[in-house]
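Here is the structure we will look at, set down as structure tokens.
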Amino acid sequence: MDKLIKTISASGAFRAYVLDCTETVRYAQERHHTLSSSTVALGRTLIANQILAANQKGDSKVTVKVIGDSSFGHIISVADTKGHVKGYIQNPGVDIKKTATGEVLVGPFMGQGHFVTITDYGTGNPYTSTTPLITGEIGEDLAYYLTESEQTPSAVGLNVLLDQEDKVKVAGGFMLQVLPGASDEEISHYEKRIQEMPAISTLLASENHIDALLAAIYGEEPYKRLAEEQLSFQCDCSKERFASALMNLPTADLQAMRDEDQGAEIVCQFCGIKYQFTEADLEVLINDKA
């Protein structure tokens, strides 16, 4: 089971989240049939979204939109405070050649664009924030958003590693944030530690990457584990929800689906599940609209 661990330094000057999202990203790859580069781009977005949702309280939901002018198209993800996330990439078929070390590049091919977050607190007034894509690597873009939009200096590292068959091998990352009251000396100390950290891909390749991430962040410094939360890819779509959407169509359109198409098929963008509406199903909807 995927998980997110929340920690805080003994001094209370910093907090860090570390995540294992391997099964989440693996399931997303299976559902959307993504090729290598699309898998990594979507996976990083899902991880970033889970970090943002973990920062919220109550029954909030956070939507992340990575909108660039690249061949990836838009990447959309939605996560809640219960550890659930869903998402899709507009073009699942991007397969850019790897580097000599086997890395899948994303940033250089993301293009110009924006990192958009929409936080829904359930009050009917969602809060939207938009920051520019800085590198297109998603992790750096999330760090920039947290620092500039939420005014919380942050460091973020996240990645998805693939095996020789381009299947998800491991996925995860970390977020480190400065908390109010941190001294300049403490900030400088952790800035130096982050600069000296091994590459996120190296840490994820460790036998136990959760422990490797925590060791890289804290070293010998004492810290406290605050919480451990389970994470998963979970879509809340249903035939009933799509039936409600069909009810918003003009009756003539529903009649055409019934008489000309002998039914309708709706595919959920977020998880790829297909829902079939037979002629009888459409007849019920038409009668309900009457």
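Cβ coordinates come from backbone N, Cα and C, glycine included.
The disulfide partner of Cys271, as annotated in Swiss-Prot and taken from the candidates Cys21, Cys268, is Cys268. Note: Swiss-Prot links Cys237 through a disulfide bond to Cys235 (candidates: Cys21, Cys235).
Annotation note: Cys268 (disulfide bond) sits in a coil segment as assigned by DSSP. Residues within less than 8 Å, Cβ to Cβ, of Cys237 (disulfide bond) and separated from it by at least 6 positions along the same chain comprise Cys268, Phe270, Cys271, Ile273, Tyr275.
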